[in-house]
Amino acid sequence: MSERIDSRLFEPLTVDKEEINKIVRPNLTYWQDAWRRLKQNKVAIISLVILVLMIIIAVFGPMFSKYDYRTNDLAGGNQFPSAEHWFGTDELGRDLFVRNLYGTRISLAVGIGAAFLEFFIGVIYGGISGYYGGNVDNIMMRIVDVLFSVPTVLYVILLMVVFGSGLKNIFIALGISYWVGMARIVRGQMLALKQQEFVLAARALGASNRRIILRHLVPNSMGPIIVTATMAIPSAIFTEAFLSFIGLGVSAPMASLGVLCNDAIITYRTYFFQLLFPALTLCIMMLAFNLFGDGLRDALDPKMRK
Amino acid sequence: MLNYIVKRIISGVITLWVVITITFILMHLIPGGPFDKEKKVPDKVKKAMEARYNLDKPLWWQYGDYLKGLVKFDLGPSFKYEGRTVNEIIKTGFPVSAQLGGVAVIFSLLLGLPFGIISALKQGKWQDNLVMFLATIGITVPSFVLATLLLYVFGLKLGWFPTMRWGTPLHYVLPVIALAGSPTAIISRLTRSSLLDVVRQDYIRTARAKGIPEKIVIYKHALKNALIPVLTYLGPLIAAVLTGSFVIEKIFTIPGLGKQFVESITNRDFTTILGTTVFYSVLLVVCNLIVDILYAVVDPRIKLDN
């Protein structure tokens, strides 16, 4: 049973050939699109601003202070926060505000440095493994599996025991142990991408394997790679703080946030502020990196979103 | 099934062998022997001590000797404590750590799962926002910061919980919370995202269409599948609690293996470091093995042959 519809109700649509082909929205590249999405994420942008501020203050702040991180002033030890010493002083009379700035600097350097090391080693290792496949992949991934079955913290502890404490050694230890997760991500990306036509086209044009990996495959999997690297920063900062806390961190008189926390543990019953400030800085930094990383993931790789 | 289990056991044993070998080599790479003390020991005494611990033999001999001992579950003597073996150290420390860790694991599951479920069921509402906010905090606050904060507020200021010694159930409360903090957060996040994933699937719509009450749909149909990804987190969970115990036991002065391990690092007691690492690796590999098998049993979709 169908009702008849009056044909006068309809109005023919005029078709303008020019109009159809007009592109309404501006053409956005992948990165522009990601930036557009990221900008809409308030939490991520606030985190980014906090991080940038932290970096600026940590890098330039100490220049404007009359104190430094190493000069002792035994007479003025364990002072409570005041106008003179914003965060108070420690047992040896060192200004804790400046020590906190230096600590933030070291923690940031460790985090970002570890992320870079993870990036380079992981991308190369995972790229080779995923691209070549077969036995190469099998062997390389077996090694990764073995490394993966023991927690990173345990490794880093062992390596630090061998190398001895110190900033340089923390970088080496983190570099040796952090790339494993990245290698897995990159390998997965390579396996998915290498079947696609543009790789075949590149090969048909005579591109070398190295060129295909570095120029075609890696740029196309940059989204997940950057997200993984960003997430490595807070994790590395945490690991460094953890190491410092069990006495394997940077050597005195230098101090990272973890060292400051560890030093304060001894006196926390009377001078709680000595613990509070570095702990708070550490938490804010970790929170900002995590939230920014979450936002970055949502912006760069909507599929990964959960 | 049997095939799969045998395969996993073999790869587990290989993993262990690699870890043991690497750790052994690392421990013997350390410059300076265990008997290099501040006070110079006469050469004769040093030689005699080295002979006693077989340190004068070539490295491959020591390695073979160590493996032979391992087969008999003998981790050798401690370098630091005269007359104590690593086995004894583990025997006294591990039960304490295992108890604490076990309670922490159960606590994080009992808390994390309901939180995740509530959050998923109330997606977008205040309950969800609250849980996710707490989870973000839980992930970003390092365990040692949480631990010292708890100790200061509830132990020292409010006096609700003891800050010294170890033994009564009250002693467990703060360390368990500190240890379970970030695992709880991760579990609730995981449960939430996994449940949200499952709820959108067709078979849930079918169940609802059949008129099954919502409670049964969620708790009987959806949850079963939603918990599978959470199960895979059990391995990392145990690893997290294990490494977390290093700092938590130090802060709360709990006489567990974690504290012993950290002390052996400070004392440069190499055989204890080596032995404890081997012990931890065995523990983790066995746990991962059990989780993998459990995973395959629970989810028949996972092909056992691959």
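Placed from the backbone N, Cα and C atoms, the Cβ positions cover glycine too.
A TrEMBL annotation is a machine prediction, not a hand-curated record.
If you look up TrEMBL, you'll see A:104-293 marked as domain 'ABC transmembrane type-1'. For A:43-64, A:106-131, A:143-163, A:169-186, A:217-236, A:242-260, A:272-292, the entry in TrEMBL reads transmembrane segment.
Note: the stretches the transmembrane segment (A:272-292) and the transmembrane segment (A:43-64) are in contact (3+ CB pairs below 8 A, sequence gap of 6 or more). Proximity of distant same-chain residues to the transmembrane segment (A:242-260), defined by a Cβ-Cβ separation under 8 Å and at least 6 residues beyond the stretch ends, is recorded for 69-70, 94, 96, 99-100, 102-104, 106-107, 110, 153, 156-157, 160-161, 165-167, 170, 274, 277-279, 281-282, 285. Remote same-chain partners of the transmembrane segment (A:143-163), defined as residues 6 or more beyond its termini with a Cβ less than 8 Å from a stretch Cβ, comprise 125, 129, 169-170, 172-174, 176-178, 180, 183-184, 239, 242-243, 246, 248.
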